[in-house]
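According to TrEMBL, the protein has these features:
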BINDING   252-259, 334-338, 398-401  GTP binding site
COMPBIAS  67-80  compositional bias 'Basic and acidic residues'
COMPBIAS  90-116  compositional bias 'Low complexity'
COMPBIAS  117-130  compositional bias 'Acidic residues'
DOMAIN    419-432  domain 'SRP54-type proteins GTP-binding'
REGION    57-142  region 'Disordered'
TRANSMEM  28-50  transmembrane segment
Amino acid sequence: MNEQMTQLVQQLGDWLVGLGVPETQKTAAAFGLLFLLATFLVLILILVLFRLRGGRKPAATGEEEPEERREPERPAKEVPAETAGEEAPAEAVAEVPEPRAVAAEEPLVTDTGVEPVAEEAEPAGEEAEPTADQAAEAPPEEPASLFQRMRRGLAKTQAGLVGRIDTLLGGRGKVDAELIEELEEILITADLGMQTTQALIAAIEQRMARDAAADPQMVRQVLQQEMSRRLAEVDTPFDLDRPGPMVVMVVGVNGVGKTTTIGKLAHLWTAQGKKVLLGAGDTFRAAAADQLEVWAGRAGVDIVRHAEGADPAAVAFDAAKAAVARGADILLLDTAGRLHTKVNLMEELKKVRRVLAREIPEAPHETLLVLDATTGQNALVQARLFKEAVEVTGLVLTKLDGTARGGIVVAIANDLQLPVRFVGIGEGIEDLRPFEPEMFVRALFEK
Ligand SMILES: Nc1nc2c(ncn2[C@@H]2O[C@H](COP(=O)(O)OP(=O)(O)O)[C@@H](O)[C@H]2O)c(=O)[nH]1
Ligand SMILES: [Mg+2]
């Protein structure tokens, strides 16, 4: 062993002499080189170990998981080196619009403001996306501030919209026509829609006309202000404190998240001291009422349901009667997204409205249209249809957590001139947020 070592040092020394090291110092130089190599190897080893540990952390918002959560939630969940880091990438900050990853309900993170480690931002792999089942099994979250939860829910839109804008602005010294053109493209691909994009660009151009020396950061400021302003313009107070049962009818096409939203609202309003009753107006499948019943159980509220195939207007009638009789503060009525019979869905919804109004004056007080944000412009088309047929008073945008197309929130509110009431940022019972325009935009733009 020793002999081999001496030989190695000798050979190294000879090689170094060849490179110009003085003959007298060749042994010292050879040792020096060996020492350097060893240090280098140790460093690489440390980096590899670090990577393995770090890979198991979700990189969703680039924020670190708090220490106390790590242990109980990931017990001995050892992953082989090559799969480490795959839990997060679906959410990892990337510039390309990512595949639709609904239900990324990994137990995520709270705020420490740490930026994502570059090597964690790997491209999304199919197997990286948790299924709805896995999502449902995820342990309940610990409380985080509302703002941080909103930020986390919007991580994909943040990356796809503001992240791309920042990259664009970062590389430019001045605001010129080319920059504006690229910005326009980003806004449209983030589903802000043609109309809203044009309005935002016009605001930037106006500002440029006033201040020719404006730097690229001005663009960011104007965008943030304009989005906030446009959302706030259509925002009206949501009054829960009216006398008598307040009837909230929830409409929207199949699968957008109506039933889930009703469950979350029942929980939210019960926690605010309201007596809530649910009406299972989606009689298309027995499973729909079963699903609502599960949510009623979770939220600890009563439910009125009929058999599968029953007339939704009859459910509405019974539910309204029960709400009055039981002294409920709020009746939340679920509706179908499609029907058994050939009756037009919109006609059916109008009939339900008439029945409600006969039982409770001015009911339904609110008609919330639920839209799936991941469907982008399609949501806008649906919204127009429903708005024409039934008097929609407010919007709920669901699944914002699963999409980079959250810009649709601004587009819909702006195009339809309707207030966004709530946004869904996950499948859990707590994952519905009352919409606050200023907070929403700040969650997108804050660095
Ligand atoms: N990730 C995510 N999934 C949601 C959200 N809201 C609803 N979902 C899921 O969307 C699917 C359809 O929801 P459901 O309430 O049955 O839709 P409905 O047909 O309109 O009643 C379910 O798997 C829900 O868990 C949300 O905000 N985020
Ligand atoms: Mg449903």
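Every residue gets a Cβ built from N, Cα and C, even glycine.
Feature annotations (TrEMBL) mapped to structure.
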| residue | record | DSSP (3 states) |
| --- | --- | --- |
| GLY252 | GTP binding site | coil |
| LYS258 | GTP binding site | helix |
| THR335 | GTP binding site | strand |
| LEU400 | GTP binding site | helix |
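Taking the domain 'SRP54-type proteins GTP-binding' (419-432) as a whole, pLDDT averages 91 in the prediction.
Checking the binding-site residues GLY255, THR335, ARG338 for a CB within less than 6 Å of any atom of ligand 1 leaves GLY255, listed in sequence order. Residues from the binding-site residues list (GLY252, GLY255, ARG338, LEU400) with a C-beta closer than 6 Å to any atom of ligand 2: none. The most densely surrounded of the binding-site residues LYS258, ARG338 is LYS258 (count of other Cβ atoms within 10 A of its Cβ).
Within the group of binding-site residues (GLY252, GLY255, THR335), the Cβ with the highest number of other Cβ atoms inside 10 Å belongs to THR335. Around LEU400 (GTP binding site), the same-chain residues at least 6 positions away in sequence with a Cβ under 8 Å from its Cβ are GLY153, LEU154, THR157, ALA373, GLY406, VAL409, VAL423, GLY424, ILE425. DSSP states for the domain 'SRP54-type proteins GTP-binding' (419-432), grouped as helix (H, G, I), strand (E, B) and coil, give 0 helix, 6 strand, 8 coil.
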